[in-house]
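Chemist: Can you read through this structure? Questions will come right after.
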2 protein chains.
Amino acid sequence: MKTAGSIPAFLVFSYFCSSNKKQTMAQKPSIPKGTRDFSPVEMARRNYIFDTVKEIFQRYGFQPIETPAMENLSTLMGKYGEEGDKLLFKILNSGDFISKVDEQELQERNSIRLTNKISEKGLRYDLTVPFARFVVQHRNDISFPFKRYQIQPVWRADRPQKGRYREFYQCDVDIVGSNSLLNELELVQIINDVFNQLRINTVVKINNRKILAGIAETIGESDRIIDITVAIDKLDKIGLEKVNLELLEKGVSQEAVDKLQPILKLSGSNAEKLDQIEAVIGASAVGKKGVDEMRTLFAYLSGFELNAEVELDLTLARGLNYYTGAIFEVKAKDVQIGSICGGGRYDDLTGIFGMPDVSGVGISFGADRIYDVMTQLELFPEEAVASTKVLFVNFGEKEEAYCLPILAKLRASKVNAEIYPEPAKMKKQMTWADRKQVASVVMVGEEEIAQGKVTLKNMKTGDQQSVTPEELIKILSE
Amino acid sequence: MKTAGSIPAFLVFSYFCSSNKKQTMAQKPSIPKGTRDFSPVEMARRNYIFDTVKEIFQRYGFQPIETPAMENLSTLMGKYGEEGDKLLFKILNSGDFISKVDEQELQERNSIRLTNKISEKGLRYDLTVPFARFVVQHRNDISFPFKRYQIQPVWRADRPQKGRYREFYQCDVDIVGSNSLLNELELVQIINDVFNQLRINTVVKINNRKILAGIAETIGESDRIIDITVAIDKLDKIGLEKVNLELLEKGVSQEAVDKLQPILKLSGSNAEKLDQIEAVIGASAVGKKGVDEMRTLFAYLSGFELNAEVELDLTLARGLNYYTGAIFEVKAKDVQIGSICGGGRYDDLTGIFGMPDVSGVGISFGADRIYDVMTQLELFPEEAVASTKVLFVNFGEKEEAYCLPILAKLRASKVNAEIYPEPAKMKKQMTWADRKQVASVVMVGEEEIAQGKVTLKNMKTGDQQSVTPEELIKILSE
């Protein structure tokens, strides 16, 4: 609210001293590195993406929540590793914060320890930890299974670089409190529907953390599961021989590497791959469970015609220790770019906040990368840039008086319409309409008034037609 | 994106040490004072408000922009007065911030001066200063007149209290670069349309800063314009006699107070009031201009049937020194609450950033107060709480296999539909549907499968009907 209490003081100042101000107070405006302003055209395109994902999330029964930008640092710290703690934006306590720091602490000049004394809040780093906090805090009001989506910005004090920002939006969709693999099916369907609607061709790569654990167990190297996965992850880039070498270097036994070969050479359909994996790791209980889970999921998926390719990909590691079941990653087929969506199943999201054993599965859409893909492939449809449908050119008082009631009727018919606010030169008004990508303009001069008509001009074709106000409304509200 | 780099470390930890974790690390979750979580029901209602204002802003040709949550402190500081500087949330510099503070500065223990050394960024306090910064920074890409709306949260380190939050949303709509009073007309129409659509009865109070300046000039007390306005503002509460006393106490002369009486006793229609004001202050150039502006605006308004009452109110001060022309304030008629929308014309929004003489006019809708009014009057329509249209009850594997393709077809027809992810007890699933306010459920048992049908149950009436899948889709997509 623009209440009295919130009036920018410089405006008070400028009103009374408008002669001094300009020399003394003008500053060149800029925004913090790694942050962005969004123009109307960018907003229209971003909203096209957000509206699409929202609509589809809701079609699957997911409901929105929001959490505050600021969380207590006790909620955030220690949740993203040491590096993550450093990348949190921390908020300075209000008031005389330094008075709470004792002399010795001040002398130590240790920024990290000092932070604990002068800052209690931070900006959220992702939507996962706030969601875990939300679930536990509101556990008595939530009916589980809880299906929520959340589309909000997050902040990271990362080094800004091309395509990496310090403020960016995440679009997360999760279901917690259900172990059913039906949830995995529906997330793949959501991925398919979203990218189908956005007209992006995709490959959905799927893996299962239990299969990876089963592999490590089978070859007798359970402790080296991370090394093994990191090596497997490089198969595409460095080839089989070098992967084997790396495994041996990491201390994996020759025998184990030999056992691993059939898995590294997997081929065929997803079902065939699962058969081959089972032949190797079937004796491992966790491995067998992973294979069964994937069989169920692929069986579910076989019932539907999807536009996306779905592929079992054992080289997919993706937060290995985070996830405990299925893992997903989505790649755009026609653009070289990192994954545009990803996620998986996790077993104990809320344990840290005192609510153990709540399994969940979720995916996160990367709005910025999707935006980049769509820009590169020119996939944004016209309705994602179009703004006002019609502009009334302003020729002066008399014409204005004739136009305003017609304009009001158009708006009452839910047509986005406007009038240029001043009788500026025709060329200026037409340039303005052009830059705003207005589809058509209405022109009214003496002749039109005399005939009780308006002239409607299509801005693209240049076609003009003389119509009554009623006809105008009919044409434009179609 | 849930990339490897962003995996919450506690989940890594919890996976490997799930036995220790629960005792040692569980914390009772909470959020910072003055901030809020929004549940799905609250989100649906808030979005109903936001969607309404957005739709109407767009109908009038306004386009969205967004600016970053963080601005450079140099952009924000000194813009909201000394008190405002204190209420800014400041962000601690990343890295070893304390190394940039010299020994003497440290010893001074002056929190305000220290802040300048260890903090460069702050959270935005309103949407006005960021908008001014935006306009100047992007001046070469903007076609003026520029009509933008902006709906984003702002943050203030205010003392939290009932109805006052440290994070809250503002919905601002402004047009800059045009002096035309047509803009004032359209803002009143927008106010009318928004509250008409939300079904809130309102009074729109209008005043003009130039009239107030004219009054002060006429009674020979131009310097005391603030004192005079503050006193007039109390007319409703304390009555004419006490207002006169206060004026005299503030040092306004008896002669001036006498001259003021006709204005304090104004009555009649808006047009009659303007005639009476003109009789008193018509000799003041600025006063005459204010009266003329109001006459033009009320003449414009007389051409339209508005649901809102529009009233010239000389006691409206509302950021007197901020605004330079029309001032608006909207009150809900059926609820005792502060203004739910307000704004006005300002002459030099962008001067501080080196771009003088850009006039603008804008209003700001208070989403939180509107939410409170609508809750109190029970104005939220059903569609603002309804979620999924239909839930398929899950009776087990065989029934699931029968239901899933039907569910997919419903979704392809854009019906929000879901299936309970597990074959839980009937009662549990129905309770879940109830709490989620699902309109109807579909039940499929052996009989339905045998007949190729489904049973559709209306959750409100309890009515059941047996229909084919095709009929189901037809019924639900209507």
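The backbone N, Cα and C atoms fix where each Cβ goes, and this holds for glycine too.
Please treat TrEMBL annotations as automatic predictions, because they have not gone through curation.
According to TrEMBL, the protein has these features:
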DOMAIN    A:34-405  domain 'Aminoacyl-transfer RNA synthetases class-II family profile'
BINDING   A:ASP126, A:LEU127, A:THR128, A:ARG156, A:GLN170, A:ASP174, A:ARG318, A:TYR322, A:TYR323  L-histidine binding site
Chemist: State the count of C-beta atoms found within 10 angstroms of the C-beta of A:ASP126 (L-histidine binding site), not counting that atom itself.
Modeler: 22
Chemist: Once near-sequence residues are set aside, which residues in the chain of A:GLN170 (L-histidine binding site), 6 or more away, have Cβ atoms under 8 Å from its Cβ?
Modeler: A:ASP126, A:LEU127, A:GLN150, A:ILE151, A:GLN152, A:PRO153, A:VAL154, A:SER364, A:PHE365, A:GLY366, A:ALA367
Chemist: Within 10 angstroms of the C-beta of A:TYR323 (L-histidine binding site), what count of other C-beta atoms is obtained when all protein chains are considered?
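Modeler: Within a 10 Å radius of the Cβ of A:TYR323 (L-histidine binding site) lie 26 other Cβ atoms.
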Chemist: Count the other Cβ atoms sitting within 10 Å of the Cβ of A:THR128 (L-histidine binding site), across every protein chain shown.
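Modeler: A:THR128 (L-histidine binding site): 28 neighbouring Cβ atoms within 10 Å.
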Chemist: Grab the pLDDT values for the domain 'Aminoacyl-transfer RNA synthetases class-II family profile' (A:34-405) and give me their mean, rounded.
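Modeler: Over the domain 'Aminoacyl-transfer RNA synthetases class-II family profile' (A:34-405), the predicted model scores a mean pLDDT of 92.
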Chemist: In three-state terms from DSSP, label A:GLN170 (L-histidine binding site) for me.
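Modeler: It is in a strand.
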